[in-house]
């Protein structure tokens, strides 16, 4: 009972923070004609409730795809329909076809905020709680509650879901997938991840670690015996899960192709999705950062951009995927989720600034193993979305949640005392460099100094972005500075995570248990 009372307090605190943030502004509030993501979600409810399924993804007189047309997989559409059904019972005007565009009122805001709150409470938060209880490192009730509190207070997800406006369902389903795999419930884990992928196509960021881990398990069991049986079961589970999700759209090939075109709009170019109303782009990935110096979109065709981004992304995540397939372990799987998602964010095609959350949630899963680096990354990931958060009027929630998160992590994990090579999982790597790199002796002090410098820089830029008018000749100075600095951080983090994965001797030991 006591462990649940501690966890209850943790959950109540997390819910209070979420509800407090939700009382503020949201994406596009009072900004016609397109408004923002809040209106996009409302419009999808309008479309899915009033139009037949065959028209949901097609441009018609009743469904102008240029006005927040559906561009997510079927589960997002089904969820929108469910919310619309409830909205219709409360106030039909909220989802009236055509006339409800840009609808804004306090009762409707309360309804929309509540739908996010309920999604969080039913899907994401339970997965976090059960995951923390499943960890060997958090076997005591106090440690599990502390770990859950740090994960649930991650500011990036709170600000985007309950401030900007977004549903946490895809990340929640993915987390359920990780939880199931940690208990060797491979089929249930496969179903959960299929749900995540059919809610948002960006879950492809996590697809390779899921695939490689499960394939590696099958190899270890032997493809002439139990491994083949498991592989067949997993393949069948994935096919059935996708078939159920896509069944209403399987009436003809034209329907399927139109949905796919909406999900993967290749013609938009390399990073059109990260553009605001004017250039330059404000996204902390490599292509947008390089565009400051090299106008990639002007000198390379869209098809070449696609091939280039695919090649760089594939090469950056290949070592991690090979290691996970050859030496499958749950620990390696979680670190691979981080590394592969970060490679996708930095190098892939059509990235949005909010996509950093697909990296951040896996980082939350390893905060108990590398609390210092995880806390640092999660702070940077939230900082990287600063231009978007300022646009939505979320400066105060941003500042408060960032300080609260840093304070809780520092107090809970004593992060400043865990900066040695061993604490950062770099001991195998440091041993391989023994005799070559003498500064490893002063490594903890160097890392702490870099962290303090990083946090100071983020604080100064955040304050300047909110209060100092930019020079007339450089109107995008602060957003660009945020993007480039964040990108440099992420590149260093990518190197770090890959070093941890590739030099990890624990994987080679723990993978024996699978076989």
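Yeah, the Cβs are placed from backbone N, Cα and C, and that goes for glycine too.
Here is what TrEMBL says about this protein:
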| type | residues | note |
| --- | --- | --- |
| SIGNAL | 1-24 | signal peptide |
| TRANSMEM | 110-133 | transmembrane segment |
| TRANSMEM | 145-167 | transmembrane segment |
| TRANSMEM | 173-197 | transmembrane segment |
| TRANSMEM | 227-249 | transmembrane segment |
| TRANSMEM | 332-349 | transmembrane segment |
| TRANSMEM | 356-383 | transmembrane segment |
| TRANSMEM | 395-416 | transmembrane segment |
| TRANSMEM | 450-468 | transmembrane segment |
| TRANSMEM | 480-503 | transmembrane segment |
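When each of 145-167, 227-249, 356-383, 450-468 is checked for Cβ pairs under 8 Å to the transmembrane segment (480-503), 356-383 comes out on top.
Under 8 Å from some Cβ of the transmembrane segment (110-133) lie the Cβ atoms of residues 7, 11, 14-15, 18-19, 22, 38, 41-42, 83, 86-87, 90, 94, 144-145, 147-148, 151-152, 161-162, 165-169, 171-173, 175-176, 178-179, 182, 364-365, all in the same chain and six or more residues away from its ends. Only sequence-distant pairs (6 or more apart) were considered; of these, fewer than three Cβ pairs between the transmembrane segment (145-167) and the transmembrane segment (227-249) are under 8 A, so the stretches are not in contact. The stretch from 173-197, 227-249, 332-349, 450-468 that makes the most Cβ contacts under 8 Å with the transmembrane segment (356-383) is 332-349. For the transmembrane segment (173-197), the partner stretch with the most Cβ pairs below 8 Å, chosen from 227-249, 332-349, 450-468, is 227-249. Under 8 Å from some Cβ of the transmembrane segment (332-349) lie the Cβ atoms of residues 178, 181, 204-206, 208-209, 212-213, 266, 270, 285-287, 305-306, 309-310, 312-313, 316-317, 320-321, 323-324, 355-356, 358-359, 362-363, 365-366, 487, 490-491, 493-494, 497-498, 500-501, 504, 507, 510-511, all in the same chain and six or more residues away from its ends.
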